[in-house]
Amino acid sequence: DVVESQEHYKSRWRSIWIMYLTMFLSSVGFSIVIMSVWPYLQKIDPTADASFLGWIIASYSIGQMVASPLFGLWSNYRPRREPLVISTAISVAANCLYAYVHVPHSHNKYYMLTARALVGFGAGNVAVVRSYIAGATSLTERTSAMANTSACQAVGFILGPVFQTCFTLIGEEGVTWKFLCLQLNMYTAPVLFGALLGVINIILIFAIFREHRVDDMGRQYKSINSDGEGSDVLDQNTEESIDHVAVVALNVLFFVILFVFAVFETIATPLTMDMYSWTRKEAVFYNGIILSVIGIESVIVFMVVKTLSKKTGERAILYAGLLIVLVGFFILLPWGKKLPNIQWQEIKNNSIPRTAPSEMLAPFWSLPELQLPSNHTAEPVGCPVTQSWCLNTPKIYLAQYISSDVLIGLGYPVCNVMSYTLYSKVLGPKPQGVYMGWLTASGSGARILGPVFVSQIYTHLGPRWAFSLICGVVVVSLLLLEIVYKRLIAFSVRYGRMQE
């Protein structure tokens, strides 16, 4: 029988809720600028191209990949409040730096790169959050708690673009405070707001968060992170080995899941600007709305899978989620015959509708008389002629794009929460800080390679190659899941202490 005092139960769940908040703020720190990075980069440093955008997006994940195992190791041996506060403070400082990247007279893109890398380093506390929740919940509470954690992360992804969309009302010029050398505009206001939320998070960690640890059955026992009360009832069980094949397989699957989602969120702005001739402001605004709707969809999915997993199990839901993601990217392949509007830098409106490349090549080279004056400031829109595939790759219709968004918004949250849940159950009662650090690092590695991969492949070969390769990666991950399917069981079930 599990005996837990009411006060301990309330304190344990108050601390878990603080971890939910920390996860939410980490997510907001990433998504609050994701739709505006590209136009802001073009504004502050015209030398930056789409390939450098990939590195800007990836820098967040490079920082997180480096920090996650370190913070995870730290949390295994010291009070978790320490890495949580330090990491959040780093994110606050990095957001402030991002607001000032326009100030230097040169190399602005590298300052932006540094700021995003430091924000990512601070987001390495995700490993601490996940390991704490895994250790502070019983096996029956775990799926629900992990789903709630991922839901908070999803809400962060929802509200981040919403905040960004609201801040577009300030405009690109905004307000300048010369005594602070600060431009408060649609690009800097969101990160300053994120910094304020980080300060609030630090205060709540000091005021409310406490260390708690329970076993798979819900029995309280002593945590190495604190001197609190509890028994050492399960210490003898921690010597039993973890199924490292299952651990590695879940790391690989999680890498694939984060990789395909990183591709999706990175390519959204350039793809819509190329295919639908949206301006920078329109791309930020419309994609912010689309991602917000997808985020709402994800939260609903998280709530549903908590109930559904009790009937079907986490493994079957993970398999179904990967299939849905595969269909989503398959739909995104260019299927039609109409070509996207081409961007001619010299021509007013910079956008010419076409149905075949040969129809416009001759007129393009014979239109010098239509060149605009050198002081013309109209923003070029359409698919840039420097991307040679624009001349022969069919347009991805808006209906395709939105349908794909809906499916990926359904499949990704399912895969995300089931991966974390299965991983924490496979690891069992041992301190999970380092292991969660490696899982977060594998996801961060995916966020590094995903943007770089898609920015390079998309820029040079186009969407057909980019999305076809993604489909192939998801098919391979489905085969891997099939191979290790029977090994993805809880630690306590594996050793016969509980039934599946």
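One is the number of the first residue shown, and numbering goes on along the chain from there.
Just so you know, glycine gets a Cβ as well, placed from its N, Cα and C.
What TrEMBL lists as domain 'Major facilitator superfamily (MFS) profile' is 15-489.
TrEMBL lists 17-40 (among others) with the feature transmembrane segment. Residues 50, 53, 56-57, 60, 84, 88, 91, 95, 98, 112, 116, 119-120, 122-123, 125-126, 129, 132-133, 148-149, 152-157, 159-161, 163-164, 186-187, 190-191, 193-194, 197-198, 201, 204-205, 208-209, 265, 268-270, 280-281, 283-284, 287-288, 291 of the same chain sit 6 or more residues outside the transmembrane segment (17-40) yet have a Cβ under 8 Å from a Cβ within it.
Taken from TrEMBL, the feature transmembrane segment covers 52-72 (among others).
Residues annotated as transmembrane segment in TrEMBL: 84-101 (among others).
If you look at the transmembrane segment (113-133), the same-chain residues 6 or more away from its ends with a CB under 8 A from one of its CBs are 15-16, 19, 22-23, 26, 29-30, 37, 55-57, 59-72, 74-76, 80, 83-84, 87-95, 97-98, 101, 145-146, 149, 420, 424, 431-433, 435-437, 439-441, 444. According to TrEMBL, the transmembrane segment annotation covers 113-133 (among others).
Among the features that TrEMBL reports, transmembrane segment is placed at 154-171 (among others).
Taken from TrEMBL, the feature transmembrane segment applies to 191-209 (among others).
Feature annotation from TrEMBL assigns transmembrane segment to 245-264 (among others).
Annotation source TrEMBL lists transmembrane segment at 284-305 (among others).
What TrEMBL records for 317-336 (among others) is transmembrane segment.
Annotation comment: TrEMBL describes 401-423 (among others) as transmembrane segment.
What TrEMBL lists as transmembrane segment is 435-459 (among others).
Marked as transmembrane segment by TrEMBL: 465-485 (among others).
Model confidence over the domain 'Major facilitator superfamily (MFS) profile' (15-489) stands at 80, taken as the mean pLDDT rounded to a whole number.
Among the recorded stretches 52-72, 84-101, 245-264, 465-485, the one sharing the largest number of Cβ pairs closer than 8 Å with the transmembrane segment (317-336) is 465-485.
The stretches the transmembrane segment (284-305) and the transmembrane segment (52-72) do not meet in space: the count of Cβ pairs below 8 angstroms, excluding pairs fewer than 6 apart in sequence, stays at fewer than three.
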